[in-house]
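Just below is one structure, and these are the notes that go with it.
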Amino acid sequence: MKVAVIGAGIVGMTSALRIMEEAAHARRQIDLTVISEKFCPDNTSYGAGGIWKPPSQEHMTAAELRWLKWSFDYLTSMLKTDYAHELGIFLQPGYYVFMEHVPDPAWKDIVVGFRHLTAWELNNLFPGYKHGWFYTAFICQPRDFLPWAHTKLAEKGVGFVRRRVGSLEELAPHYDVIVNCTGLEARSLVQDKAVVPVRGQVMRVKAPWIRYFVGTSGPHPTIKGDPYIYANLHDVVIGGIKQEGDYRVTNDPRDTKTIWEGVLALHPQLKGAEVVEEWTGLRPMRKGGIRLERETLVNSQLWPWSKRGHVVSRLRERGR
């Protein structure tokens, strides 16, 4: 069977890995090719902070909750391997704080040690915020995971083609199954106008004393935007920019100022951190939720996976 995976971000590469794993388990021969205009480090996934976190706390379907659990379990299985140190996958505790009381998320039993913040934590660590959660979840650093996945797939005989796919009809005569993991490009590739960009800008700083994540949901009276802090292995990702419909992929000094001021107001101990990188990318968001369905096109099976980033951010960034 000939299979094409379109897209080489975190969704495309993990989909390719799972296809090859399932094929090996079923003892089925698969001829798989990953096709993408951009590979790591030139794609959106490369710049993501990589936290496991759903993009929304509300209106989660049973299917989405099931996918979240599968993702968490998959990361857990990878964490227990003897090569986990190569993947950039690790558990990280952290906080998520709000300006008002919010219901517990549907995924609270998936993460480790979910609880509400105490009055002391809110008053001393996050003054001004009214409610919060503490839990442990996964970080999956795409900068480590994607190169590892590329090498692993190549060892399994997977081919890689750098090209832009103009339409699925171009590939249909040549493949039995097409898996569409193009993210934002699904807007043009399959004419899904519900897919829109959400521009994100982040900074990476040297702050080895930060070993936890912080997420916020405002508006806070003295803190700009919704700043966040995700500790990676070699640096700390800080951000808070979400601009729907904005296609700019250059760093904006005004957003840099917003991020820095917001994060310092939230976490003053970052003031002495050295900025080592600024990065901008376009998150794929789909209004109405994830589209995961099977179609038939010219006697080939077409699977259009037009997704939001979650793994991871997730891995959204899948995630942010």
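Note: Cβ is positioned from N, Cα and C throughout, glycine not excepted.
All annotation found in TrEMBL is predicted automatically rather than curated by experts.
Per TrEMBL, these features apply:
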| type | residues | note |
| --- | --- | --- |
| DOMAIN | 2-290 | domain 'FAD dependent oxidoreductase' |
| BINDING | THR44, SER45, VAL165, THR182 | FAD binding site |
| BINDING | TYR228, ARG283 | D-serine binding site |
For TYR228 (D-serine binding site), the number of other Cβ atoms found within 10 Å of its own Cβ: 25
Extent of the FAD binding site in Å [max Cα distance among THR44, SER45, VAL165, THR182]: 19
Residue, out of the binding-site residues THR44, SER45, THR182, whose Cβ gathers the largest set of other Cβ atoms within 10 Å: SER45
THR44, VAL165, THR182 screened against ARG283 (D-serine binding site), Cα within 10 Å - retained binding-site residues: THR44
Nonlocal neighbours by CB distance (under 8 Å) for VAL165 (FAD binding site), same chain, sequence gap 6 or more: ILE6, ILE35, GLU37, LEU171, THR182, LEU189
Neighbour tally for ARG283 (D-serine binding site), based on other Cβ positions within 10 Å of its Cβ: 26
Secondary structure at ARG283 (D-serine binding site), reduced by DSSP to three states: strand
Assigned conformation of TYR228 (D-serine binding site) - DSSP reduced to three states: strand
Distance from SER45 (FAD binding site) back to TYR228 (D-serine binding site), taken between C-alpha atoms, in Å: 18
